[in-house]
Amino acid sequence: MDPERVHEGALEAARAAGVVLVSGAEALEDIGEADIVIDGILGLGGRPGLPGDAAAWVAAIPDDAHVIAVDLPSGQAADGSAFDPDGVLADETVTFSVAKPVHLLPPTEQACGTLTVVDIGLTFETDPAVVRLTFDDVPDLWPVPGPDDDKYSRGVVGIVAGGENYSGAAVLAVTAAVEAGAGLVRYVGTPTPEGLVRAAVPEAVHGEGRVQAWVVGPGLDITATRREAEAQLVVARGALAGEVPVLVDAGGLDLLDDDVIEARAGLPTLLTPHAGELATLLSRLGASRRSRKAIDVDRDAVEVEPLRHARALADRTGMTVLLKGSTTLVVPADPDEPVFSQADAPAWLATAGAGDVLAGLIGTLLAAGLDPAEAGALGALVHGVAADRASRGGPVRALRVAHGIPDAVAHLLTRN
């Protein structure tokens, strides 16, 4: 440290507490031999990146040292917008009063380790920029039926999913919707997935009908030309042209164009892409409807700045965007509403079919009347908890996660 550049009062307090001050080569040597390192180089007002000697100090931290960051890992962006691989990677971060965007947003969350928020008695009257639902929020949000409810009042969800190439997606989405407590699930598909759904989910009803929400796209192939596939696409396009809430996933995202965006203006719509799908969709739709200027976005760019690109898609479409990942972001259509950030799932959930399960689960919540942002965040939380409880610390298949939804919901509703 440079004694001439520190706060005099803080310096005196540190000395009075017995802190030994070192600088230069001596500091590097001491850091390199440390078992525990407390990082307080930069605070929330610091800019991304490491100034001056700080880069050398951070590079000297032993790989096996336990690193505790104060407020944020130095070098990481306080607003969570950018990850610095040369910045501090903390095992723990201690912050004060409330969690900040750097602690909740990808890609900087990974640098924070275990987060501890210390209450220091401050109150805040401003609206949060980022929100994370916790287990304690679930009882207030989950649609628990009452004695006067029937299958229709609990919510009817329609699912347009699966094709001859991805027939399993239909089974996973329909199973998840039923297990999440939908009053009724209507399924529209082609012959192969339809037969599988009949065998796997006898509760599902097949064919069109009145619904309170649609799930469009898991396993859907919009290039299929068989008559049955064309009939399925007619239903998918009809769902997008209607007025009830719609979740659009996977192949359904290929149906989005300016006509669909205009038709659904102001209607509850949730897009659920992964990073690659979001990049493709942004590139195809262009920067704006007015200019239609082509933009070139790739998966890597989305993964480096996930919030910026998810917000760009929400602004371009006027729809809520759920960007799937190890930390799932839910960006509301209204830019004045806070972003949800959920990181509830084990890494084992990165498996084929997990997104289909999430789509069916959230579809049930939309049909029950939740708005797209809350449905997306609550669905991501329950999806993660179901995977965690089903995996028991090891691999887990998507179908097992779907069947684990009732256990996860019961656990979250009754844990207190």
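Quick reminder: no glycine exception, Cβ is built from N, Cα and C everywhere.
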(6S)-NADPHX binding in TrEMBL involves GLY219, HIS274, ASP356; of ALA169, ALA170, ALA402, ALA408, the partner in that site is ALA169
Of the candidates GLY353, GLY355, GLY360, which one does TrEMBL list alongside LYS324, GLY325, SER326, THR327, THR328 as binding AMP? GLY355
Which binding-site residues (ALA169, GLY219, HIS274, ASP356) fall within 10 Å of LYS324 (AMP binding site) by Cα distance? HIS274
Can you check what DSSP calls GLY325 (AMP binding site), collapsed to helix, strand or coil? coil
What is the pLDDT of the domain 'YjeF N-terminal' (1-128) when averaged and given as a whole number? 90
Check: min Cα-Cα distance from GLY219 ((6S)-NADPHX binding site) over binding-site residues GLY325, SER326, THR327, THR328, GLY355 goes to GLY355
Roughly how many Å separate the Cα of THR327 (AMP binding site) from that of HIS274 ((6S)-NADPHX binding site), to the nearest whole number? 11
